[in-house]
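J.: As annotated by TrEMBL, domain 'Ionotropic glutamate receptor C-terminal' applies to 419-751. Taken from TrEMBL, the feature transmembrane segment covers 248-267, 367-390, 410-430, 515-533, 583-604, 749-771, 811-834, 855-885, 905-926.
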Amino acid sequence: MMTSLGDKGEGHRETTALLGNEDEGSVQTQTKVLNQGSWTQVSCPCCVSEQVEPLVLIQLSDNIQPVTKRWLISLIEVSERDGGAALLAHPGEDECGDVIVVSAPRCTLLRATEDLGLCKKYHNGDMVAFSYNDRDNFRNVDDMQEFLTLAERQYIVKYELDFLRAQKGQKIPGVPESQGVLKARENICQKLEKAGVIKDIFPLHDKQRLTDLCRNWYSGKQIWGQPLDSIQAYFGGTVGFYFSFLDFYTWALVPPAILGLVLTFLLPGGGSGAGVVKEQAGGVVEVDDSPSVSGHMVQAVFSMLWSTLVMEFWKRRSSSLSHRWGLLHLAERFAEPRPGFHGTLGINPVTGRLEPLFPEWQRQLRVGLVSVPLVGFFLGMVVLGMTGFYHGEALAQGFHQDSDSLFSGALLYLPSVAHIIYTNMLGNVYRTVAMQLTEWENHREESSFQNHHTTKVLLEADLAVASLTLTATREQGVEMSTPFMQTGIGFILSRDVGSEESHSLSFLFPFSTEMWVGILLAFLVTGLCIYLVSRISPCEWADPETDEHSFTLLHSFWYITGALTLQGAGPHPKGLSGRVISAIWWVFAVVLLACYFSNFNAMLRSDSKHVSVNNFEELAKQDVIDYGTVEGGSTFNFFKNSKNPTYRRIYQHMERKKSCVASVEEGNRRTQEGNYAFIGEAASLDLAVARYCNLIRSSELIAMRGYSIAAPLGKRLAAESTFTFFNYFAVLFHIAFYKQDLSLLRKRLASLLIVTQLVNQCTEVVVPFIVDRFFSAPQKKQQEDDPNVDKLRAQRSLPPFPGLFAEYIELLVQFGYLSLFSCVYPLTAVLLLLNNVTEIRADAYKICKLFRKPFSAPVSNIGVWQTAFEVLGFVSVMSNCWLLLLSPRVREFCLEGGISGRNIILFAILVEHVLILVKMILAFMIPDEPDWVRIKREQIEFHSMQALGQQKL
């Protein structure tokens, strides 16, 4: 079975040169790592080659039996007619090893190209759907390196392996009978993965091509432009379309960025600081630095039209790329059915192949009569569970207030625990039901299966979405997302009651004393470490013979001091060890400064200066200022159940004086009247301070807690994705439409854009660069001396590529910021543009250096994300219209014009409907594809019809 291909002694074999001039050196470099004589034999003379390109590696279990490996290799090399994959296999170093390297012969690649519906260049230069029977009329058909991209060749190998099916029932050699019995038509690779025989299947990097791509992509000095064709050729259509959309979207940010700069700095009252000064009751002066009425309207209308034009022109750009990359005529419905598809064996009336058949009307009947009602039933169970939770919590609160016993206090936790258990059980049942329903619906194409299952999974995320306090007990019962808010308990006072103190060291208030002591210790230890490693390193000695050391202790402290000011103060350490410590210190300095300025900004925004009563201990000791909280609320129960003497004294004072209030609004009102301190959660107190300028908040917060999104166990991604939208949009909508505080909304949006982007750039660029540059360097150097097969196996040490879900989510959030809220903060596009310029290179660096090469199926667009962006575009119309309605300047302008509130609302609704109509007209008038692409697509369809007619003749 294992024979040497291209042996000079076999004169009857004529080898065909399959290597183009451009890629010949690359392929020769790849093939040097394997013994060319160990590849399996090909039966077709046109597929014989002197050099075989390794494309995919199959990682087997460590205790694989040689007989099992030989059986799997025989299946890989056997023709499709005999139940094999018609591929080339290499056993690695020996037949007892734990790897199989797979490649594909010419005929297999060409037949799969036709099955996938890929378009290739015809002899006249046009893109035409490839036909195997007409293969001689296509350009470069004898040169697989030119005819197919690397990503396409590797996906075809995966495609053929996925559709390896057992011709009849049989036992897998070398595998226990309990795990190794194959049924007829059962997928072989899936069975081997379940049995533990196959551990992983992944495509191999081409080091030379990857180096060239990195040089042209992100290692150069160019700011704009990406080698999109090279990206698509190496990583495939999925990655190619993402970076194409990122590039297109970044360019599209230029017009709104220019408009934002004009409105902010050139238009009168644009928010550049020359705001309108208003005097409120009590002599409090408020500066309104929001854009003028004309600026609001211009920005809002532009954002709504911009969101429509961007997505419509992207459709045209996407169709152009699909034609250029030969993806305009994908034929998934004509390919082999997905591995889980089942039905009655018969002849496919379209393709003429023997395969399982399942009527479409039965599938639709199953979806409409079974799947939809069951999903609705589970949603009803969710509503029932939430209703029961709130009802049970009210009963527990009432029982505890009546009994006030230890038993009733313990019962307060019963509704939450019961709801968490109920949600977890319901989520587990629904997850199983969702998968079984989707499998039972029996979708033929993989994309259809994924779309239906994804819809159910998204509903499953909603099953358990709840804003819960993050506790260790709850983390054991459910998956908790990253906390979207950190808050605690504080109190607010009136400025007249709390006399403000002026401190010359107020710049130290953002951090606690313990934090400053820790920073000082880190500063001293880091400076000393850099000096010591530099002292040991010979790189730091100017002249070893004169014992002159060029990097002193003073230089070390001066250097890390410069890092704290983000300035590169010299001299710099020269040794590798000193540079690693310096890089870690720089990352620490960037994160530290981001946290400091974020806290300092929050302190200034909430005007939480030190007051005469600075903390709860001082509040409890004095009797001049009365204080209280919402009776029966969570803050009230915290003080009631606390064992701390100070907190118990506060509770006893509130009970004795009957100083609690019925609602937060009443507490804010009593605080404004004076001689009263309202105790509550910091989040609501900060909103009160932002709304009422005569209030100030204490600097001390107690009982810090985090709020998270809960999801069923094992569904961390569902929780995180829901958390992403909740974190970035729900809070902004709450401030805008519930609190109706546009000033706070503008500050919140600015903080999100600046702080989160600074942290993201640090985590996405600086940290991966340090890990790859310093910590992975010894491993890379060690691999140079490894055996040949180990160089291929070492690629598995990289983590698998996580997909582009998080990257698209980030762009979707950006798009939401700009289209939904940019009329409040016109500089949104400017900050997004600056972020995306570096985002392109950061994402390119990550996919090239930090992850394993992914398989990429041929796609013709960005898929469901197109719909998500378009939905946000329509939501932007309603958002911008109502933000205009809530703008203080617009309200003032309408009141001065004598327009009543009812007429203002009617006018806003009218404008909203008109703008939605304009968006729909624009979407209708702009074709989804250019005329020349439409003509090319119709030509492809006509040529395919002609080829089919000739084939029948």
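Placed from the backbone N, Cα and C atoms, the Cβ positions cover glycine too.
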J.: Who are the chain neighbours of the transmembrane segment (855-885) in space, where the CB to CB distance is under 8 Å and they lie at least 6 residues beyond its ends?
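T.: Tertiary neighbours of the transmembrane segment (855-885) are 116, 118, 151-152, 154-155, 158, 202-203, 235-239, 241-242, 245, 296-297, 300-301, 303-304, 307-308, 311, 314-315, 318, 322, 327-328, 330, 451, 454, 733, 736-737, 742, 808, 812, 815-816, 819-821, 823-824, 891, 904-905, 908-909, 911-912, 915-916, 919.
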J.: So what's near the transmembrane segment (905-926) in sequence-distant terms, Cβ-Cβ under 8 Å and 6+ beyond its ends?
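T.: Residues packing against the transmembrane segment (905-926) from afar: 301, 304-305, 308-309, 312-313, 316, 873-874, 877-878, 881-882, 884-885, 899.
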J.: Determine which recorded stretch among 248-267, 367-390, 515-533 has the most C-beta pairs below 8 angstroms with the transmembrane segment (811-834).
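T.: Top-ranked stretch among 248-267, 367-390, 515-533: 248-267.
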J.: Where does the mean pLDDT land for the domain 'Ionotropic glutamate receptor C-terminal' (419-751)?
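T.: PLDDT averaged over the stretch: 70.
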